[in-house]
Every structure is written in structure tokens, then in C-alpha cells.
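Worksheet: one structure, shown below.
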């Protein structure tokens, strides 16, 4: 769920507030359209698509689904006791948090004009 995703981001990118990722580019945060502005925004586009796929599992609501995971020294592990929905959502969040850690953060792409740049 989004609370756990926030904590995963804190695990892999401890130097930044998770809020820095909540309104970034065309895909980080609510919605998503157009061409991603950079690699970090592409991480969010992939995460959005991953949630859409997880949502196809019967009764699976990715934004609200809790799962079991652990963070150890910046390494995320989804636990084996997750059901198929929880395992899918956990993996979406884990992969996105890892992607965030490897992508440069461009302050110019925070809080951009979505109508102008995300067609």
C-alpha cells in the first residue's frame, strides 16, 4: 500500500523525503500521461503499469493492499508469506524503490506544469 511504499522509498533513498517523489515529472504522484521526463519519471510510469497489472488479480487493490516485507541496510525483501496480490504489489513497490535509488533526481522536474509537459 502507499504507506508501505513510502517506507520502502525511505529504505532505498534515505537522503530524500518521500514527498520529493510524490509530485515529480508526469508519472510520480496521481495520474500519469505523456512521455516520462527522465529516468526517475520512467520508474514511476513502470510502477503505475505494475499496479495496473496487479489490479487485474481478483479482489486486489494495490493502493490499499498490505504486504509483508523487510528493509535491511537499504536492501528490500518481500516475504514469502504474501498471497498473490500482496506479492505482486510488494514487488511493484520494491522494484520502484530500487529504481528511484538508481535514478538521478532533477529538481527542475518537481511540480512541473503537467498540461504543458505531459501531453
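Glycine residues also receive a Cβ, built from the backbone N, Cα and C atoms like all the rest.
According to DSSP, residue 47 (active site) is assigned to a helical segment. Positions annotated as active site by Swiss-Prot, on the basis of similarity to another entry: 47 (among others).
The active site annotation in Swiss-Prot covers 93 (among others) and rests on similarity to another entry. The DSSP secondary structure for residue 93 (active site) is helix. Around the Cβ of residue 93 (active site), the same chain contributes 4, 5, 8, 47, 67, each under 8 angstroms and 6 or more positions distant in sequence.
Applying an 8 A CB threshold to same-chain residues 6+ apart, the list for residue 31 (Ca(2+) binding site) reads 114. A coil conformation is recorded for residue 31 (Ca(2+) binding site) in the three-state DSSP classification, outside any helix or strand. The Ca(2+) binding site annotation in Swiss-Prot covers 27, 29, 31, 48 and is backed by similarity to another entry.
Feature annotation from Swiss-Prot assigns disulfide bond to 11-71 (among others). Residue density at residue 71 (disulfide bond): 16 other Cβ atoms are found within 10 A of its Cβ, drawing on all protein chains shown.
According to DSSP, residue 118 (disulfide bond) sits in a coil region rather than a helix or strand. Non-local contacts of residue 118 (disulfide bond) by the CB criterion (under 8 A, 6+ apart in sequence, same chain) comprise 25, 26, 32, 33, 34, 35, 37, 112. The disulfide bond annotation in Swiss-Prot covers 26-118 (among others).
Taking a C-beta cut-off of under 8 angstroms and a sequence separation of 6 or more, residue 28 (disulfide bond) has the following same-chain neighbours: 21, 22, 40, 41, 43, 44. Among the features that Swiss-Prot reports, disulfide bond is placed at 28-44 (among others), with the record citing similarity to another entry.
What Swiss-Prot lists as disulfide bond is 43-99 (among others), and the listing cites similarity to another entry. Cβ neighbours within 10 Å of residue 43 (disulfide bond), excluding its own Cβ and spanning all shown chains: 25.
There are 18 other Cβ atoms within 10 Å of the Cβ belonging to residue 50 (disulfide bond). The disulfide bond feature in Swiss-Prot is assigned to 50-92 (among others); the stated evidence is similarity to another entry.
Sequence-distant neighbours of residue 60 (disulfide bond): residues of the same chain at least 6 apart with a C-beta under 8 Å from its C-beta are 54, 84, 85, 88, 89. Positions annotated as disulfide bond by Swiss-Prot, on the basis of similarity to another entry: 60-85 (among others).
Per Swiss-Prot, disulfide bond is recorded for 78-90 (among others). Around the Cβ of residue 78 (disulfide bond), the number of neighbouring Cβ atoms within 10 Å comes to 21.
Taking the Cβ of residue 90 (disulfide bond) as centre and 10 Å as the limit, one finds 26 other Cβ atoms among all the protein chains shown. Apart from 27, 29, 31, 48, the Ca(2+) site neighbourhood in this chain, defined by C-beta within 8 angstroms of the site C-beta centre, holds 26, 28, 30, 32, 44, 45. In this structure, the CA atom of residue 11 (disulfide bond) is 12 Å away from the CA atom of residue 99 (disulfide bond).
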